[in-house]
Amino acid sequence: MVASSQKILVTGSAGFIGTHTVVQLLNNGFNVSIIDNFDNSVMEAVERVREVVGSNLSQNLEFTLGDLRNKDDLEKLFSKSKFDAVIHFAGLKAVGESVENPRRYFDNNLVGTINLYEVMAKHNCKKMVFSSSATVYGQPEKIPCVEDFKLQAMNPYGRTKLFLEEIARDIQKAEPEWRIVLLRYFNPVGAHESGKLGEDPRGIPNNLMPYIQQVAVGRLPELNVYGHDYPTRDGSAIRDYIHVMDLADGHIAALRKLFTSENIGCTAYNLGTGRGSSVLEMVAAFEKASGKKIALKLCPRRPGDATEVYASTAKAEKELGWKAKYGVEEMCRDQWNWAKNNPWGYSGKP
């Protein structure tokens, strides 16, 4: 157990992965300070975190409304508290939107993060867990994806993650006292087992499971399946889906590594299950979990979508002592539990 006196700053903490990670941080005895600008999230998510952990642990949680692009917001936060490490989730993540509006992505994802590094350095907080993505592998030439593969990005969102990885490597190389872990997520799905926390995207979902979920509760008429002629077992694309609670535990493992490993430098780890599931397999699993029929519309492939992507998890298992515990069945069970209890997400209304 890590001493509970350690204080962690979590940026973008009201988002899907942020909320679930904050719950696990509190459950593991950390003091947590969170900052979010609610660009793509809501205050209700923070209230639900408090509800899930209970009143005792909630006392170890502080919230600040703020934006990383405003350095004053960060200055105030770091002047008020001494942080032992930062988990940095804040950023925009919709591929399609990034293609249409790349400047918005460069402003949010790059400027915000550069400000964060500057203020961290000024206040001598030099331990960071960074939220990267499997998008940095682009169209991988072979699978599974191993951390030392050549990196490439297929869109502006992916490029921001790639740039930010490179920035992290450059900073750590120039200032070796920094310890940075880059976590490359594959496809986070599922929800907290309580049914009180889950993914609540604004507008039409960009990811498969929230889309399936919205069809199941009647918010959308059908699921668009992009590509049904891939050279896979059922013609649909294959991805590595990982339960969000496994992902949250991966962040705890990464933090422990930062605190215990002096020579971590700047190191990347995949967080996935190491197994691929097709779109149609995920639909079938969700239908089984929910008892609902999901209407499908077969559409052409989207440009830039890879046929099959899944993680090699050997490095995270060996060096972080972390391994995904949940399978597709549990992912769909928990996703449906969240959906049926919150058909309209956190707002509770259309």
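Every residue gets a Cβ built from N, Cα and C, even glycine.
What you see is a predicted model, and the numbers here were worked out from it, not measured in a lab.
Annotation comment: Swiss-Prot describes Tyr157 as active site, proton acceptor, evidence class similarity to another entry. Its Cβ taken as reference, Tyr157 (active site, proton acceptor) is surrounded by 24 other Cβ atoms within 10 Å in the chains shown.
Summarising the annotation, Swiss-Prot assigns NAD(+) binding site to 7-38 and lists similarity to another entry as the type of evidence. DSSP assigns Lys7 (NAD(+) binding site) to a strand segment in the three-state reduction. Within 10 Å of the C-beta atom of Lys7 (NAD(+) binding site) sit 17 other C-beta atoms, taking all shown protein chains into account.
Its own atom aside, the Cβ of Ser133 (substrate binding site) has 23 Cβ atoms within 10 angstroms in the protein chains shown. Summarising the annotation, Swiss-Prot assigns substrate binding site to Ser133 and lists similarity to another entry as the type of evidence.
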Worksheet item: Which number gives the other C-beta atoms within 10 angstroms of the C-beta of Asn27 (NAD(+) binding site), all protein chains shown included?
Response: 15
Practice prompt. Taking only the Cα atoms, work out how far Lys7 (NAD(+) binding site) lies from Ser133 (substrate binding site), in Å, as a whole number.
Written response: 25
Worksheet, complete the sentence: CB neighbours within 10 A of Ile35 (NAD(+) binding site), counting all protein chains shown, number 23
Discussion item. Rounded to a whole angstrom, what is the C-alpha distance between Ile35 (NAD(+) binding site) and Ser133 (substrate binding site)?
Written reply: 21
Discussion item. Taking 10 A as the limit, how many CB atoms besides its own sit near the CB of Thr11 (NAD(+) binding site)?
Written reply: 26
Practice prompt. Please work out the number of neighbouring Cβ atoms within 10 Å of the Cβ of Gly15 (NAD(+) binding site), leaving out its own Cβ.
Written response: 24
